[in-house]
Amino acid sequence: MAALGSSSQNVTEYVVRVPKNTAKRYNIMAFNAADKVNFATWNQARLERDLSNKKIYQEEEMPESGAGSEFNRKLREEARRKKYGIVLKEFRPEDQPWLLRVNGKSGRKFKGIKKGGVTENTAYYIFTQCADGAFEAFPVQNWYNFTPLARHRTLTAEEAEEEWERRNKVLNHFSIMQQRRLKDQDQDEDEEEKEKRSRKKPSELRIHDLEDDLEMSSDASDASGEEGSRASKAKKKAPVTKAGRKKKKKKGSDDEAFEDSDDGDFEGQEVDYMSDGSSSSPDEAEGKPKVPQQEDGPKGVDEQSESSEESEEEKPPEEDKEEEEEKKAPTPQEKKRRKDSSDDSDSSEESDIDSETSSALFMAKKKTPPKRERKPSGGSSKGTSRPGTPSAEAASTSSTLRAAASKLEQGKRTSETPAAKRLRMDTGPQSLSGKSTPSSGDVQVTEDAVRRYLTRKPMTTKDLLKKFQTKKTGLSSEQTVNVLAQILKRLNPERKMIGDKMHFSLKE
C-alpha cells in the first residue's frame, strides 16, 4: 500500500482542452523514411493544389438557348444517367493532391495524395501546449502521403510506344542471332552424323516408307517394269500359251491344205476358231457388237493387260506365216493391199494400226471361209448352233479375196477398222458389267478411278493404296503398287509437300 501511495504522488496531471468551434482545419503530412526528409534544411517551401484534373470533371459547355442549343438537354441527360445508373462525381478541390516545392526551382518536389478511410473508424488529434501548461486538442481532418516527384523528363505515350517497338526489335535481333547459332550447330551435328554413317558398313538394315517404295517403283518402271510384269505373267500363263501354240500348229496344218480344201472340210474345226479370243472375226470388223459367252468369267485389270500382252506376243508368228503364204501365192489384190498399207504407214501412226488390223482381218478371212457362212444363219454369238447351207460368197477363196480387195480400194476398211477396235475396247467393260459382273464391293484400279480421287482432294500414295485394297481389287499388293505407279506416270499429277508428305492432285 505504501508503494501505491508513493507512486500516486509521482503522477503529474495535464489539462486538455478540446475547442468546440475551430476555424482552423488540421491535416497530417506523411513522408517516407527512405526519402530522408530533413525540415531543418528547408529554407523555402511552397504548397499548392494540383487542379489539373479539373478538365476531366468539367462538362461540355453548351448554350441553353439560341443557336446550337437543345431542348431540355439537361433533363434528358439526367434521365439517361438514371437509366444507366451513372453517378457523376463532383470536382472537389479539397480532394485534389498537394504539390510541395522545397527550396525553389532547383529543390525537390513532392506530391501528396489523400489517403481515404483514415478518419472513418478512428480519430486523430493534434495536441498543442499553451502558455499556461494546458494542451489544446484539434481533430485531424485528412491524411496525405507525400512522395518525391522524379526530376527527369518522362516519356509521352507516343515516345513510350516507339521505345517499346525498338526494344522488341532488339530482342528479336538477339533471338534471331541465337536461332542462327543453333541452326549452325545442328548442321554441324548433321554433317558429323552423315560422316559416321558413311564410315559404317553398307550392309545395315534399312526401313523404307511405303511412299518411298512407290516412288522408287514408279521411277524404275520405265526400264524394268514392263519386262518384270511380262516375266511374271508368262510364268502364270504358261499353260495358256502352250494351248495357244497348239492352236497355231493346228492352224498351220490347216493352212498347208488350204488350196485343196473343199467347202465342208472346215466344219469340224469351226469351234476352235470361234473360241479363239486373239483373232478378230469379220463380225467385229463390220461393227457388230460381240455377245459374251456365259462360260467367260469376270476379267480383272491384270487379266486384260495379260490378254493384250499375249495378243502382242502372238502377232509376230502370225505375220511370219502371212509373209510365207504371200511369198508362195502372191496375187495382184495382195500387191495392191501392200502398197496401200505402206502408204498409210508413211503418213501417220494411226494408219499403221489400221493397216495392221486390216491385214489381220484379211488373213483371217482367207484362213476361215466358213465364218462367212455363219452370218446368214444369224450366229453372231459364239453359240453352239451349226451353220446352215454355205452362202454363195463362200464358194471359193477367190471370191473372198476379191470382196476384201474391193473394200480396201473403196476405203471402207480404213474407216471400219478403228471402229471395230473401239468396239473391242468398249465391249470389254460391257462384258464385265453384263452377265459376268463382279460383286458390288469389287473395285478396279483404273485410270478414271485414280483421276476421280485426285480431283477431289490431294492424296498421298498411302491414301490411294487404302482406296484400292487387295480384298476389293483381287490383286496382290505388288501388282497394285505397280499399276498405281504406271497410272500416276500417265496422269502426271501435281505434287505438293503438305506436312512433310508428298501429295498428288489433279485439276478438273
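Backbone N, Cα and C define each Cβ position, glycine as well.
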**OP:** Have a look at SER224, SER355, SER415 and find the one that Swiss-Prot tags as phosphoserine.
**Re:** SER224
Original post:
According to Swiss-Prot, phosphoserine sits on which of SER198, SER347, SER385?
Top reply: SER385
**OP:** Given the candidates SER221, SER261, SER275, specify the residue that Swiss-Prot annotates with phosphoserine.
**Re:** SER221
Subject >> phosphothreonine according to Swiss-Prot, picked from THR389, THR417 >> reply: THR389
Subject >> SER305, SER433, SER439 - residue that Swiss-Prot labels as phosphoserine >> reply: SER433
